[in-house]
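As annotated by TrEMBL, domain 'Cationic amino acid transporter C-terminal' applies to 505-555. Taken from TrEMBL, the feature transmembrane segment covers 87-109, 121-141, 153-171, 183-200, 207-229, 249-271, 292-316, 336-361, 412-433, 475-492, 504-526, 532-550 (among others).
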Amino acid sequence: MENRGSSFSGFGSYFRALTQTPSRFSRRAFSVSTTQDEMSRVRAKSGSDMRKTLTWYDLVGFGIGGMVGAGVFVTTGRASRLNAGPAVVISYAIAGFCALLSAFCYTEFAVAMPVAGGAFSYLRVTFGEFPAFLTGANLVMEYVMSNAAVARGLTAYFGSAIGISTSQWRVTVTGLPNGFNEIDVVAVIVVLLVTVIICYSTRESSIVNMILTLLHILFIAFVVLMGFWRGDVKNFTVAGDPIHHPSGFFPNGASGVFNGAAMVYLSYIGYDAVSTMAEEVRNPVKDIPIGVSGSVIIVTILYCLMAASMSMLIPYDMIDTEAPFSAAFRGKSNGWKWVSNVIGVGASFGILTSLLVSMLGQARYMCVIGRSSVVPAWFARVHPNTCTPVNASAFLGIFTAAIALFTDLNVLLNLVSIGTLFVFYMVANAVIYRRYVNVGTTNPWPTLSFLFLFSITSIIFTLTWKFAPPCKSKAFILVACSVVAIAVLLVFRCLVPQAHKPEFWGVPLMPWIPCVSIFLNIFLLGSLDGPSYIRFGFFSALAVLVYVLYSVHASFDAEEDGSFDQKQDEILMESAESEDHTSFIKV
């Protein structure tokens, strides 16, 4: 029973490896960080290694390509018309700030653990196997849903570019429920073509992404210039139909802005995909911080400019929720309809790059989850010729195509947002826990108690903000929650010392920045609708069921059959003798 219990810990196999290591290696083995040894032994399950071919400009390109297409060209119109109005510019700024704080947390982990798998890998070595699996399952779900949404958005813009309505190639099936009854075959074809590309080579995928991203940036500049030139500033404050829709920059108030921020959060999934490629980066210490944080900052600026451009072109209540930019010019007179076709082409490039990067990321998540044996190890295999996770790429590509075939964009966007926010929330908690707790030497309860109290306070603040009617008692509760949260944070910072400080790159102003990220993620989670939580709860329950019935037993068997122990001496020898690993050795 004791061995079975150890299967729930990400560190269990590591400590067994240390106790079984020959004495001549013991000193050097203890000098190698727990994280690196655990990741190296798990990585060996993939067989072939992924090639280290990426640099910081590849990562910035992947980040821009992965985020811009999905964010502006799929979610902006819906967030503006249904929630924020012209203040969608502020929604993008809020979501971008939240994403940047989360990006800092991701970067600290990625520099210390340059492996594929992103949040799943980070949480596995921080909180153990089950929280990592629950998060990993939601991550894979998030990517599949977002890629399906992006593929359906691509068909809308491609149709706009060639002057054909999507209704002409989307077949409506009357027997299916609303939201699942429009069949989109073109989206399926696009997903399958991208799947073939990412199975071939990561480096070649980067080259394709760079070319498409450069073309896309030219189209972005064109859209911004045309919007500011042809637009009218009065559209920032006047609705197209002021009798039936409120006017003003904030037509739906602060709640509309935050609801819009939660919806456009889909646009920042791309930087998370960048972190999954850490195993293929030549110099993680330098390249990952520039690639992750730099791409988020650049993309946030682009989002705000494009959202402002769209808001000037047309009143918010007249925006087309499917293809807002091209439709805005399609409504212009005096021969400006050609601009709609140009924007349709540019948006198609952007959405295609976003799809390419996201599908690269989802395959690497699945590959690392397969390495831990909580899903069949078949998903972990790296092809010896292409050095890519072909099995995971092909399986998830087919799954994404099946979802894109029939699922409505609105259903996908809400489900993706809640998954993204949950994962970012977990990573922010993990980076605090990692800084203040050393497993085996530090009492974890002060840190866990702090994280619990801060999260509970943030939840109370969020629920009060959303549901309490405007009154003095509401203001009092909000102020009280803010005071309590700050007080708890100050007490924790003063009384609990950091047990671990990153050697190369760490989140600044610890624990303030991760705590702000925790609060913002919880607050944005509170902005989503009830059905999103029902779908999220159902999928999480399904993930728990899979874990209980299969994953925990498969993981236990993997540790017990000696598959890790067989290679441990070889890996420890490599870690001790290779100068390439000195960046991760604690002296």
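We count from 1, first residue shown onward.
Just so it is clear, glycine is given a Cβ too, placed from its N, Cα and C backbone atoms.
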_In contact by Cβ distance (the transmembrane segment (504-526), the transmembrane segment (249-271); 3 or more pairs under 8 Å)_ = yes
Highest Cβ pair tally under 8 Å against the transmembrane segment (336-361), stretches 87-109, 121-141, 207-229, 292-316, 504-526, lands on 207-229
### Task
Tell me, please, if the transmembrane segment (504-526) and the transmembrane segment (207-229) are in contact, taking contact as 3+ Cβ pairs under 8 Å between residues separated by 6 or more positions?
no
The answer for the transmembrane segment (183-200), taking Cβ pairs under 8 Å and residues 6+ beyond its ends, is 147-148, 151-152, 154-155, 158, 166, 169-173, 208, 352, 355-356, 359-360, 363, 383, 386, 388, 390, 393-394, 397-398, 400-402, 404-406
For the transmembrane segment (87-109), the distant same-chain contacts (Cβ-Cβ under 8 Å, at least six residues beyond its ends) come to 71, 76, 79-80, 118-119, 121-122, 249-251, 256-258, 260-265, 267-268, 271-272, 275, 288-289, 292-293, 296-297, 299-300, 303-304, 307-308, 310-311, 316, 424, 427-428, 430-431, 434, 502, 505-508, 513-514, 516-517, 520-521, 524
